[in-house]
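The domain 'FeoB-type G' annotation in TrEMBL covers A:1-160. Positions annotated as transmembrane segment by TrEMBL: A:280-300, A:320-339, A:346-366, A:386-408, A:420-446, A:452-472, A:510-531, A:543-561, A:568-590, A:610-630, A:642-661.
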Ligand SMILES: Nc1nc2c(ncn2[C@@H]2O[C@H](COP(=O)(O)OP(=O)(O)OP(=O)(O)O)[C@@H](O)[C@H]2O)c(=O)[nH]1
Ligand SMILES: [Mg+2]
């Protein structure tokens, strides 16, 4: 049995999905968190549950909304589970009425009853059920209240809608619906009434579908006749609007009968809003929050924790490996591979787990509290001036965690040009995999100003992205239209448990990557550094790795780090940014009683170190990001462009910083 | 709406036809159309967007679009 979850954005579909399937998909308090179809298996009954992006209607504007409409048209589904936000019943019912026209069994989960209650809205679910002719179950997806009942109803009741044609669209439209139904009769297994109404509303996906299966001329003429008839008779704005108003009439009737409203106090949300979206304080507050986040990650909390972990890994753990290797009389080769290759390479990355978790915790907090949409609002003015809109800032913030979901999040941007621009620029956001490089270098060279130096890099990433946005949007990507309408959800106090889960979910990926990708990479890199043209166990300067790095090193000399070591780690950085650190740990294999940070001072000046960090920040999207750019743009040309411009801008900036710095007498 | 917005301004939308098509469509999705009551909640500086409230939900839109809405005081 296939059951699809469908409802307005931010109504708690994914929360419910997680609850019913025991999985953990991305939840956040803004509209457009889910951008792809996700399939899960029910916990205790059989069948699949399908999570979909949120939509307001089945007539899509943006790509994530299109996912839902094409799902309806091309895939088979047995039942629909429609999630309604009880505190916004009227708006949510527009979608419900369209779903009922689809004539598949529908079950309604009335979610957020807790929020509605706080606002003084009481909904009689039995009455609602009677009106709509389908079962209605009140739930609180967040804590799982009512979910058992929901599962019960899903697996037992038939849910075939009992009443047909809840909305009477007026005699002209009904005649047109009948005419269209006659044309498509027998050519489709979907509900004819549904297709006809969507067609009349101007749904592009349905139009393409119908024009393929039936006589396009006939359909178009029915549509244009109806339009002119309505125009003459009622002087209505558009057919879509006419249909909307008819639905609204029905909804008003239903709402009046099922909802009881009492007056309540001013919600806390508005009080918070008057501060964080304050005229003058909005942007400073955002920067202050970012600064706090960096202080915690790099100074107050993260660094001490990482240092402890480092001491643990290089001390007891390495000793443990050493004694185990001695006990089994491992050969010198195996010994070197494990200690100098794996422990150094993988351990060197794992050390940064505490800092990465702190960063992810903050990002989760941002996502779950409702602040995300406010940041988009606060930033819109700046984004508009560079040819983007405030919504593009959301993918960028998500990109601070990992660029891949950031790029996916760009799907909610409605206009194609702005979306492409966002996809191209999101890789400039400094993702968590770049964080170990900064942590290592600021520790070695800028110990007094860790957080500030790192913050400067993050800000540089944003500034470069905005500058390039301006350049691209006024040259190759001129956009005619821009659209910025954003829903600002009420603040929700994040629950500790869900915060932890989403932090863990993001951090898990980092650990997993260390255990697989970085693990294999470390072995490979170590082998390259162990073997050379003259055999095995060569001096590292004569290894294959040195030979490969040496080819590129001269190009890097003008930007401050023309060593084969730097070049070699940059190459591995394309595979995954963490590899830079694991490679460095292997290359500069550190004798027991000193550390890499101290050792690096022999190879870099502080100025070169900063230039190196800037280069790492910008130089190339990693492999996974490149693949995502290709998937989302569907264009080799734009993917190549994303790599090319990044290399150029990174080189130019690092050059300016290094050579400029030298001019001013910095070292 | 008139050109200077103040937090706390209230009104009823009477005409949206001058607002760009896409924005109209999105507002409609959010349940805002002719006849809806709206209230200005926050105004961003330097000609930035404004935040309006209607039926208990808050929405951010750009100022230049808000100006195109025809609203009567209530
Ligand atoms: N108070 C309360 N909050 C809820 C409830 N259900 C979900 N939430 C919160 O609402 C927010 C949105 O939840 P999601 O599950 O991401 O919503 P969604 O419908 O999947 O959203 P999109 O993917 O953007 O369409 C999260 O912050 C949840 O914690 C509920 O019943 N009560
Ligand atoms: Mg979701």
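Even glycines carry a Cβ here, placed using N, Cα and C.
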For this session: Tell me, please, if the transmembrane segment (A:386-408) and the transmembrane segment (A:452-472) are in contact, taking contact as 3+ Cβ pairs under 8 Å between residues separated by 6 or more positions?
Result: yes
For this session: Please give the sequence-distant neighbours of the transmembrane segment (A:510-531): residues at least 6 beyond its ends with Cβ less than 8 Å from one of its Cβ atoms.
Result: 336-337, 340-342, 344-346, 349-350, 353, 356, 432-433, 537-538, 540, 543-546, 548, 568, 572, 575-576, 578-579, 582-583, 586-587
Problem set entry | Interface-richest range of A:280-300, A:420-446, A:452-472, A:568-590, A:610-630 toward the transmembrane segment (A:543-561), CB pairs under 8 Å | A:568-590
For this session: Go through the chain and flag residues at least 6 beyond the ends of the transmembrane segment (A:568-590) whose CB is under 8 A from any CB in it; none is fine as an answer.
Result: 340-341, 344-349, 352, 431, 433-434, 436-437, 440, 510, 513-514, 517-518, 521-522, 525-526, 529, 540, 545-546, 548-549, 552, 556, 596, 599-600, 603, 615-616, 619-620, 622-624
For this session: Could you pull the average pLDDT for the domain 'FeoB-type G' (A:1-160)?
Result: 91
For this session: Please give the sequence-distant neighbours of the transmembrane segment (A:280-300): residues at least 6 beyond its ends with Cβ less than 8 Å from one of its Cβ atoms.
Result: 355, 358-359, 362, 374-375, 378-379, 435, 438-439, 442, 450-452, 454-455, 458
Problem set entry | Distal contacts, the transmembrane segment (A:642-661) - CB-CB under 8 A, six or more residues away | 423-424, 427-428, 460, 464, 468, 558-560, 607-608, 610-612, 614-615, 617-621, 626, 629
Exercise. Between the transmembrane segment (A:346-366) and the transmembrane segment (A:610-630), do 3 or more CB pairs sit under 8 angstroms, pairs being 6 or more residues apart?
Worked result: no
